[in-house]
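J.: Sharing the features that Swiss-Prot gives for it:
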type	residues	note
DOMAIN	7-282	domain 'tr-type G'
BINDING	16-23, 80-84, 134-137	GTP binding site
Amino acid sequence: MARPPLDQVRTIGIISHIDAGKTTVSERILFYTGETHKMGEVHDGEAVMDWMPQEQERGITITSTATVCTWRNHRLNLVDTPGHIDFTIEVERSLRVLDGAVTIFSAVEGVQPQSESVWRQADRYGVPRICFINKMDRVGADLRGTLRQMEEKLKARPVLLQLPVGEETGFRGVIDLLAEELITFADGDQGRTVSRGPVPADLLDAAREGRDAVAEAAADFDDAILADLLEGKDITAARLRGALRLGVLACRIFPVLLGSALRNKGIQPLLDAVVDFLPSPLDVPPAKGKRPGSETVDELPCDPGGPFCALAFKVQSEDGRKLTYLRVYSGTIKAGGAVWNSSRGCFEKLARLFRMHAHKREQIEEAAAGDIVAAAGLKEVLTGDTLCDPAHRIVLEGLAVPEPVVSLAVEARGVDDRDKLLPALEKLQWEDPTFRVHEDEETGQTILTGMGELHLEVVVDRLQREFGVGVKTGRPQVVYRETITRAVERREIFRAEHEGKVQGGEVLLQLSPLPRGAGVRVNVPDAAELGIGKELRDAVADSIGRACSAGARTGYPLTDLEVRVAAIPVEPGVTTDAGVRAAAGRGLMLAARDAGPTLLEPVMNLEIVIPADYAGKVLGSVQQKRGRIEGISSQGDTETIRASVPLAEMFGYMTELRSATKGRGTYTMEFSHYDRAPIEVLRRFGLEA
């Protein structure tokens with residue numbers, strides 16, 4: 001595939017709630033662009049983009065997958081992402097490097113909880129989006145209701161570019177409001193043949209009204225269109241597209257298209273919209289980064305002739321080696337070239353470069369600005385690292401990584417498994433920043449922590465399948481947080497003799513509680529203000545951060561407190577980096593123990609969808625779980641319950657809900673916040689109520 005001009009490149013992702021149809025849309029895109037010659041189906045376990053055995057068995061996407069295809073002479077770098085909240089890091093790291101996104105909504109379920117989550121993630125990164133309302137052929141499809149939910153729940157401004165032709169199972173095509181044409185999709189050739197014709201007479205009034213609404217939205221971004229509207233002049237589709245594109249790039253409007261991916265309807269117009277409305281690498285702001293050891297911010301325009309710079313947004317373990325996914329923001333690099341890893345402070349070699357097609361590789365000789373590629377040979381790299389030209393060193397902003405909330409104890413089944421367990425876990429940690437491993441100091445058990453039960457279930461399954469490691473597991477446990485309830489001050493002095501020489505350190509720490517959700521703030525004045533060297537100052541800051549991660553009483557990380565270093569007295573000939581590290585770490589732990597330590601538990605936002613007949617039974621169950629009902633809504637014979645519930649009460653809830661609703665209830669949940677743990681939990685850890 002020849003390299004197209006940058007204005008003919010679209011680097012996009014497919015994002016949505018689980019089961020809205022992301023992977024089915026992706027499979028149709030690959031089919032209609034000629035990349036595949038057979039439609040892969042999720043329900044048959046044959047989707048190209050869902051290549052992991054765990055994905056094929058469960059019918060869900062677990063890991064983000066990249067591929068490349070072509071439409072209207074434009075290269076589409078396409079990333080399919082998971083919809084389950086347990087794998088939110090895959091969405092996070094994809095959105096970090098995407099220029100645009102297609103958000104899929106189900107016409108039946110509307111805007112679901114994970115739809116809201118991925119929308120917020122895209123907002124945070126400023127990713128322009130178009131929307132595809134899928135499953136228009138399903139009984140209960142509600143276009144107007146979905147648009148209303150987009151406005152109310154997402155605070156978005158949807159601009160409907162199509163009208164449906166036929167309702168529910170009678171859905172057969174769409175009216176293109178820009179071109180003022182009927183679009184239908186042939187049933188006999190899997191939707192390959194797209195026919196355009198005049199708008200049916202009975203839909204002319206609705207089409208004119210819909211086009212007027214589109215023109216009014218476009219007028220907000222083009223004064224000439226506004227003037228023509230006021231004068232009653234006709235406005236061409238090309239002018240409307242140009243104005244709408246400005247609104248999309250500014251993330252102020254979100255064009256909406258319609259279809260049924262499973263029934264092969266609506267995908268080709270969606271591809272046209274990707275080309276027409278979503279940005280090229282030249283349309284997005286330049287990548288920004290800081291020079292190492294400096295606060296100076298540099299901008300990197302997307303220029304193949306500029307200094308090389310790329311972000312490692314994903315690391316995958318393959319046959320014990322790292323395969324690293326890169327988004328190239330500037331410059332060009334050839335296979336075999338050396339780069340500087342600004343995040344690790346070392347040189348790395350890009351031994352080989354690949355263009356990925358799901359899990360299949362196409363070896364390439366070079367990568368340039370605007371590309372998403374995979375590289376073999378990088379040894380030290382981790383997710384979020386910056387790779388750059390050694391002569392132009394820069395550190396790009398990394399990824400926002402959520403904290404894991406569920407833990408699981410594992411132990412090897414046999415002696416052979418014991419030798420393989422930790423190396424296998426290390427490789428899985430390469431891939432997933434939300435997956436953590438540590439050893440329980442009291443029991444010696446290996447503890448896995450992750451984003452949820454399914455997350456850790458998949459990890460254990462991969463240990464057995466991919467690495468041949470047999471493990472026994474305990475019950476999932478909540479990952480609590482420690483915090484303090486009152487302010488304290490502590491002076492800590494450390495002294496030790498090493499090889500006949502006294503080494504020591506002294507710090508004065510002030511701890512104070514912060515509001516819920518504030519995290520940890522470590523306030524260490526500048527070295528000059530403290531009257532010490534920068535090395536000592538940095539040693540104290542690092543030691544305090546590590547001590548906060550280790551906790552004070554229970555081993556759970558500290559949060560929602562401020563640590564201020566008031567003084568670091570220096571005794572010539574005695575004070576050392578190691579000494580002040582020891583004083584700071586021990587001082588923090590002992591100060592927190594004196595500050596009224598308590599535990600916080602994770603609270604989840606829960607959404608339950610059930611037949612109305614079971615609402616009373618399920619509501620009672622939620623309240624018994626210390627849940628707080630946030631709202632109840634009805635749609636036909638279905639009730640949707642929104643509640644906040646402590647995670648500790650939710651283990652095994654799917655089985656309980658299925659039993660209570662005879663298999664007809666479903667639920668989704670995502671992390672909301674931490675709140676005070678109940679008295680029985682505090683007592684279990686020997687803390688005061």
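Every residue number used here counts from 1 along the chain in the order it is shown.
Even glycines carry a Cβ here, placed using N, Cα and C.
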J.: By a simple count, how many Cβ atoms lie within 10 Å of the Cβ of Lys22 (GTP binding site), its own Cβ left out?
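T.: By my count, 30.
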J.: Under a three-state reduction of DSSP output, how is Ser16 (GTP binding site) classified: helix, strand, or coil?
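T.: The residue in question, Ser16 (GTP binding site), is strand (DSSP, three-state).
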J.: Show which residues of the chain containing Met136 (GTP binding site), separated from it by at least 6 in sequence, have their CB under 8 Å from its CB.
T.: Ala107, Leu143, Pro164, Phe171, Leu258, Gly259, Ser260, Lys265, Gly266
